[in-house]
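Reading through the structure tokens given below for one structure.
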Amino acid sequence: AQSWGLLVLVIITACFGKIAGTVSVSLLCKVPFSEALALGFLMNTKGLVELIVLNIGKDRKVLNDQTFAIMVLMAIFTTFITTPLVMAVYKPAKRQGKGDYKHKTIERKESNSLLRILACFHSYRNIPTMINLIEASRGTEKKEGLCVYALHLMELSERPSAMLMVHKARKNGLPFWNKVKQSGGDQIVVAFETFRQLSQVVVRPMTAISSISSLHEDICESAERKRAAMIILPFHKHQRVDGTFETTRTDYQLVNKRVLEQAPCSVGILVDRGLGGTTHISASNVDSIITVLFFGGHDDREALAYGTRMAEHPGISLTVVRFVPGPEVSGEIVTADINTSDDRVLMEFKNKASNENSISYEERVVRNSRETIEAIREFSRCNLFVVGQMPENHVTATAKLNAAKTECLELGAIGSLLTSPEFSTSASVLVVQQYRTTKKSPPPSLSSTKVAEIPEGDVESP
């Protein structure tokens, strides 16, 4: 009985010292109580070093058999209780307040509210187009502005863990660390910090380092923590000199598909054909033509909302083309609520377009896929196409646009057409999927994907 009493006393003393000390210091650093308590339980874990020290103490006759047994049992007990206690008190899914994250789409009632975008990229190749797209999305001074989180996606193959680094830069644009020699990641930070200083956009560079199988989890978790309205992902293929597309890595296509399935907000896949060239264009020199192809449905309305925001930039000209079915296919309209929402959104847009010289609106009557493709070709000389991933209108039923022949189902029928070799254009393409509480059924290739699960954990910025 005395030995068991000593064991309980030792366990209580050891746990109280570590947990209470960690929690108190964490609360002083303004860490939420649940996270502070989880840190205390994690700090309370004993490991191999403690057992080695205890064995040395027993070998040197510093500890007798009773004390050695008590200390070993204490180490085992505190280690085994760590997992259930941390899982009980630390629930990241409940950290966001109910009203804290409400703008999960670009289409919203409060059009002047702050727009948050999580822009992802793999390498230097994606940066110029991504920065030019951010510049075109900044809106006007009348709005609350644009906040962009530039997330550099890096593969970690040495160990199966994930890490999120948030970079901070000095006033001269250089990172706090590595003052003498700049690495590739530091140069990326400098590029975005320079853009931030030259524009009215708040840009916060970050780096996600994890295995390819769990990279989509880092992207989705980062978007939720930063309360992003849209995630912009680079297409897994890049354009060669002859204009054809070459696959960078097939793994990135799987990452994009998983993000489309699990994203907590809208998602855009950017097919880069050199939007604005290979360098960043200053705000005063921006002169781009953006075309929104509107067929109908949630995704197309999100594309229209994004294009409307871009049109607020003084150097952007926006053309919206609505495809209307001919009399032969007028009976294939899907649902009345979709068409009602489309008409309402388009009516508001046409009222705005009548007061803006940089915005134009057209309607094209089409009866089959051939007429649809010919109508799209007329606008192929623009700089950027913004389209919905899965139009829900009758035009999709009559114009499959050879989507079955493509291997990139995540782009949808229209996006696949605009990136196919048969469609000649130098315009980049942004394929948009709007976030909805009730998810639509993904294509078979998306729903059959098995998602890897990893423990949550990253380093978060204030």
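Cβ coordinates come from backbone N, Cα and C, glycine included.
Over in TrEMBL, the protein carries these features:
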DOMAIN    4-86  domain 'Cation/H+ exchanger transmembrane'
TRANSMEM  6-29  transmembrane segment
TRANSMEM  36-56  transmembrane segment
TRANSMEM  68-90  transmembrane segment
DOMAIN    146-285  domain 'Cation/H(+) antiporter central'
DOMAIN    290-436  domain 'Cation/H(+) antiporter C-terminal'
REGION    437-462  region 'Disordered'
Q. Any residues 6+ beyond the ends of the transmembrane segment (36-56) with a Cβ under 8 Å from its own?
A. 14-15, 18-23, 26-27, 63, 68, 71-72, 74-76, 78-79, 81-82, 85-86, 89-90
Q) Which residue counts does DSSP give the domain 'Cation/H(+) antiporter C-terminal' (290-436) for helix, strand and coil? A) 65 helix, 34 strand, 48 coil
(Q) Per DSSP, what is the helix/strand/coil residue tally across the domain 'Cation/H+ exchanger transmembrane' (4-86)? (A) 69 helix, 0 strand, 14 coil
